[in-house]
Amino acid sequence: MVELVIMRHGQSLANQQHLFTGWSDVALTATGLTQAHEAGSRIAATGLTFQQVHTSMLKRAIMTANIVLDEIGQNDLPMIKTWRLNERHYGALRGQNKDVVKQRVGAAQLHEWRRSFTTVPPLLAKPDVARRYAQIGVTEPRGESLKMAYDRLMPYWQDHIAPGLRAGHNQLVVAHGSTLRALIKYLERISDDAIDQVEVPNGKPIWYQIDSDFEIVAKRVLD
Ligand SMILES: O=C(O)[C@H](O)COP(=O)(O)O
């Protein structure tokens, strides 16, 4: 048996203010910091330890991962930061207030932009060019559907997370609502239609036990 724990970062400043975030790099709130500590102590209480931690290139996830590692006494763990685990890029919705957008376009359109698998949000006219992505040769998206995020996440799963698990090494993934919905879709074989019902709250670790046939045999939310 091998263990995989996945969790969303603690509450960010943008979450607190109901702003579409995506690739915007925002810090955790005081509540988010507390959620990260609590999540870490719940993982610590299970006695689980990990051989690797994977996170995004965004500080709300990196900060959460570091707090969790401190709580579980594994600050020394190798941490891989990849753009492939970044939140789905929300395109031109970025920075807009979700409640205000709902008033403007209606609940159904808002839900589709936020939860559909294939709908692409309104795109930016041209991509941002931040040094951290440019220097690794990554062109920033102008906006992504969940499917687009799924498709750029999967090579990382196949090349980095799955091989670790197959080698019997427990893995911790600290990422974002959409990239974790993509991962849950894959792991739990959820249909394109049904994925719109899956929500991933801030700071609640999901613990999967995976057997030697690479099947999930148990799932527990640590809350
Ligand atoms: O990017 C964002 O705005 C949030 O992290 C997740 O947004 P969602 O709840 O609309 O998926």
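Please read every residue number as a count from 1 along the shown chain.
Any Cβ shown, glycine's included, is placed from N, Cα and C.
If you look up TrEMBL, you'll see 8-15, 21-22, R60, 87-90, K98, 114-115 marked as substrate binding site. All protein chains shown were included, and the count of other CB atoms within 10 Å of the CB of R88 (substrate binding site) stands at 27.
Taken from TrEMBL, the feature active site, tele-phosphohistidine intermediate covers H9. Cβ neighbours within 10 Å of H9 (active site, tele-phosphohistidine intermediate), excluding its own Cβ and spanning all shown chains: 32.
Sequence annotations record features per position, and here TrEMBL assigns active site, proton donor/acceptor to E87. For E87 (active site, proton donor/acceptor), the number of other Cβ atoms no farther than 10 Å from its own Cβ, over all displayed protein chains, is 26. Following the DSSP three-state reduction, the secondary structure of E87 (active site, proton donor/acceptor) is coil.
Long-range neighbours of H176 (site 'Transition state stabilizer') (same chain, six or more residues apart, CB within less than 8 Å of its CB): R8, H9, S56, L58, R60, A61, L85, N86, E87, R88. Annotation source TrEMBL lists site 'Transition state stabilizer' at H176.
Checking the recorded positions R8, H9, Q11, G22, E87 against ligand 1 with a 6 Å cutoff on the Cβ atom leaves G22, E87, in sequence order.
Annotation: R8 carries the greatest number of neighbouring Cβ atoms among the binding-site residues R8, K98 [cut-off 10 Å, Cβ to Cβ].
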